[in-house]
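The FAD binding site feature in TrEMBL is assigned to 151, 152, 153, 154, 188, 448, 449, 450, 451. Residues or ranges marked as domain 'HpaB/PvcC/4-BUDH N-terminal' in TrEMBL: 3-267. The annotation domain 'HpaB/PvcC/4-BUDH C-terminal' is assigned in TrEMBL to 283-468.
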Ligand SMILES: Cc1cc2nc3c(=O)[nH]c(=O)nc-3n(C[C@H](O)[C@H](O)[C@H](O)COP(=O)(O)OP(=O)(O)OC[C@H]3O[C@@H](n4cnc5c(N)ncnc54)[C@H](O)[C@@H]3O)c2cc1C
């Protein structure tokens, strides 16, 4: 099955660091085992006749299914097929795994789909992206992105020598490619990725040639170090049903003179061209569409947990609890409606690719930064002290206090054991290290939310709203002449 092939393929010499030690047996390490098992099962779905047509599509006449994130949508049905595939993987993981590579693969698919238009940026771009796209699709390559420069001193720019040295830059070039040094943050899913999509982030001056690039870098490149954050994985599935299988892991990447072959250098040396590629509407819309489809699954999951918590303690009949549960439903419906709007309002780009409407997607990504923290707040308000009232483990039910445990942890409508399991699950969402990481993720994964909202304003065609105002305020003289 493809899942096993995927897991085996990660034994490729990559350098993963955790707690000062280089990880040598990724699939068996407690920090990664549960998550890798989850990804293995997701990959296996492409070989399972009962679901492969939901998550995948057949390329040409081939019998083999590739993941639908590689499908270039030219029709409404193909766009719907992408959407179904994102939804299925998200539902399988309750929206808790966001970088299962379908996001980064969609960026590559978008660049490939728009290769003719983007070919004006570099004469080799179209050939390079075509070869990479086909290779990634046919080899089921797992991809993630690392775009942001390290958080050292955000008040400084590349004029500062310390910043220029720390941000990823070209140290030399040769006949084989460019050699880069510096760091990138944050790469979610880094230990499991085959290739990183790397790009400079800030709007650099034209003189900052060495810092302007868009690269595809294999995870096992010599000189590349994947430096993991603390693990939030738990081996105790009954106590931590989410942390035991969904810790995607986030990492910082250190590049110590890493050679990137010319074939994988998509752009280099021109900051404006990098910005143009990064702003490509086709690629962004296809990739950000995945973000919001995934988000529906996560909000539905939190809402389901909140409903169950309320019922389990008999709080669902209180008016203010109903108001809060209703608010969770409105969150789900708002994001769902924006997904539907982005799909039904999709329009073909210059090459005929059916591009989901980005304004609805931007709206969902922006408002989503506020929804998730609020959803967790509601969950806390509904469950009260029940989250910390739960005993240390469900094992307590089988110890000497078993009878009393069943008596005092009983719920309004569920057994004591079920109620404790439910509150453990809810605590994994609101109180565990993984839960805290998810709140941070939803606030920041799409970039700085302050600039996200500001960009939405900046990009909006404002006259559409201001012209009627000025028209209304137009004064007319007695003779009928317009004064303003
Ligand atoms: C859990 C998690 C996973 C992530 N995974 C990925 C990933 O897989 N790939 C990836 O590429 N990125 C990923 N990100 C990174 C994410 O894109 C960044 O965190 C995000 O872009 C914000 O940048 P920053 O963290 O450097 O914050 P900063 O930009 O340092 O912001 C810190 C504060 O300073 C303010 N600030 C900083 N600079 C300015 C400025 N110029 N103008 C105004 N205000 C400013 C911000 O508003 C904010 O309040 C992830 C982030 C998180 C939290």
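For all residues, glycine too, the Cβ spot is worked out from N, Cα and C.
Note: TrEMBL annotation is automatic and uncurated.
Here the features listed in TrEMBL are painted onto the structure.
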residue: 151; record: FAD binding site; DSSP class: coil
residue: 188; record: FAD binding site; DSSP class: strand
residue: 449; record: FAD binding site; DSSP class: helix
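For ligand 1, the neighbouring binding-site residues among 151, 153, 188, 449 are 151, 188, by Cβ distance under 6 Å. Cβ neighbour count within 10 Å across all protein chains ranks 188 highest among the binding-site residues 151, 188. For the domain 'HpaB/PvcC/4-BUDH C-terminal' (283-468), the model gives a mean pLDDT of 96. Residue environment of residue 451 (FAD binding site) contains 10 other Cβ atoms, counted within 10 Å of its Cβ in all protein chains. Once the Cα atoms of 151, 152, 153, 154, 188, 448, 449, 450, 451, the listed binders of FAD, are compared pairwise, the greatest separation found is 22 Å. Comparing Cβ neighbour counts within 10 Å across the binding-site residues 153, 449, the minimum falls on 153.
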